Amino acid sequence: MHLAYPAVLSALLFCTGLYGVLARRNAILVLMSVELMLNAVNLNLVAFDVWLSRAAEETLHSGQALTLFTIAIAAAEIGIGLAIVLAVHRNRGTADIDKLRDTAEGHDPDTSDDDARTAEQAAESGRTGKAEATA
Amino acid sequence: MTLAQAAHGFLSPTGVEIAFLLVGLVTFGAAIITVTTKQLVHAALWLVVALGGLAVEYLLLTAEFIAWVQVLIYVGSVVVLLLFGLMLTRAPIGRSPDADSGNRWAALVVALAAAAALVWVVVDAFRTTWIDLDGPAAGSTEATGASLFQNWVLPFEALSVLLLAALVGAIVLSRKAKAESSSPPVNSRASTGSSPSVPDSRNHTIGRNGPVAGTESAKGTKSARETDSTEQEGAR
C-alpha cells in the first residue's frame, strides 16, 4: 500500500478536528473534535509503525505502543474534561465556551446578550459569596 | 527500495488500497459531519462512524490489536461518556442554532490552509514509499504484546498510575459539595446583602434582585445559591 493513503487521510482528519476545535461553541463538541485530532495522530503512528517494521531490521514496535498509550491517555483526558465541563455547567448553567469570559480583557459585560448576562450574574454572585465567606 | 518500487504501479491501486480509500472517504465524511452538524447528539453518533471507520483502517494496515482496542475504548466508552456529558449538560434535542461560534470562517480558513500544507508536504515527502503488507501481520496481538511487555514495561506501568490519578481527579472534580442542601439559601442571600466586604456595588443589586427579576435570571439565581453554599462549605 502506498504510504500516502494513510498519511493524507490522517492529515485531513487532523484538520477536520482543528476546524471543530476552533469553530464549535459547546464544550463537549470541542472535546469530540479533540478526539478526532488524537485519532488522526494514532493513524499516523500505526501506518508508520507498519512501514518501519518491514523496512528496518530490528523494531521496537514503538508506533503501536505509543498508539496504545495515546488511546489510554485520551480516555483519561475525556474523563477529566467531562468532569470539568459538568462542574462548569453546574456552577454557571451553561457549557458554552464563548460565554466563559471571566479572564477576557476589554469585554464589557453590560453590552452582552441576555444569556451572557445570566452567566455573568452567576459568576458575580459566586464572587460575592467568596468575598463574604472569606470575610 | 528501487526493486520494491518497480513492483508497484503508481496508478494501479491494489485491492487493499481501494478498500482503504473507500473506508477513508466514509471516515472523512463522518468526521466532517461531526464537526458541522447542528444537532449535538447526531455529532456524537457520527463520531461513532468515524472512529469505527478508523478501526477498519487499522485492520487494513494489519494492526489488529490496535483495531480492537479502538473499538473497545473509543466506540465503547468514550462516545458513551460524551453522550452522558451531552445529557447531563441538558443539550437540546434537535437543531440548536448556536452550535457554531462566530469565528467559523476564520476557523475554516485556518483548517483549509493547514490541510493544504500538510497534504502537500506529506505527499511530496512519501511519494516513493510503499508499505509492505504481505507476510505475517506486523501488528498482530502476539507482536504487539511481546514488544509492549519486553521494551515498554516501565511506560506501561507509569500509564496505570496516570489512569489512577485521572480517576481520582475526575471523582474529586465531579463530586458535589456535601452540605449543599443543608445550608439554607435564605441565610446566604441575606448575609450577602448585609456583607460589608463586597468590593463592587453592582454585586449588591445583582445579589438582591435575584428573586424579583423573574424568569430571565432564574437560572442564574439558582446557580448563584449553589455557588454560595459551595463557597461557604469550602470556607468552613
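Glycine too: its Cβ is placed from the backbone N, Cα and C atoms.
Values in this document were obtained by computation on a predicted structure and should not be read as measured data.
The feature compositional bias 'Polar residues' is assigned by TrEMBL to B:181-206.
According to TrEMBL, the compositional bias 'Basic and acidic residues' annotation covers B:223-236.
Here TrEMBL flags B:181-236 as region 'Disordered'.
Under the heading transmembrane segment, TrEMBL lists B:18-36 (among others).
The transmembrane segment annotation in TrEMBL covers B:43-61 (among others).
The transmembrane segment feature in TrEMBL is assigned to B:67-93 (among others).
What TrEMBL records for B:105-123 (among others) is transmembrane segment.
According to TrEMBL, the transmembrane segment annotation covers B:152-173 (among others).
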What same-chain residues lie close to the transmembrane segment (B:43-61): Cβ under 8 Å, and 6 or more beyond its ends? 16, 19-20, 23-24, 26-27, 30-31, 33-35, 37, 67-68, 70-71, 74-75, 78-79, 82-83, 86, 131, 133, 139
Let me spell it out: take the transmembrane segment (B:18-36), skip the flanking residues so only those 6+ beyond its ends count, and list any with a Cβ under 8 Å from a Cβ in it. 42-43, 46-47, 49-50, 53-54, 56-57, 60, 100
What parts of the chain pack near the transmembrane segment (B:67-93), using Cβ distances under 8 Å and only residues at least 6 beyond its ends? 39-41, 44, 47-48, 51-52, 54-56, 58-59
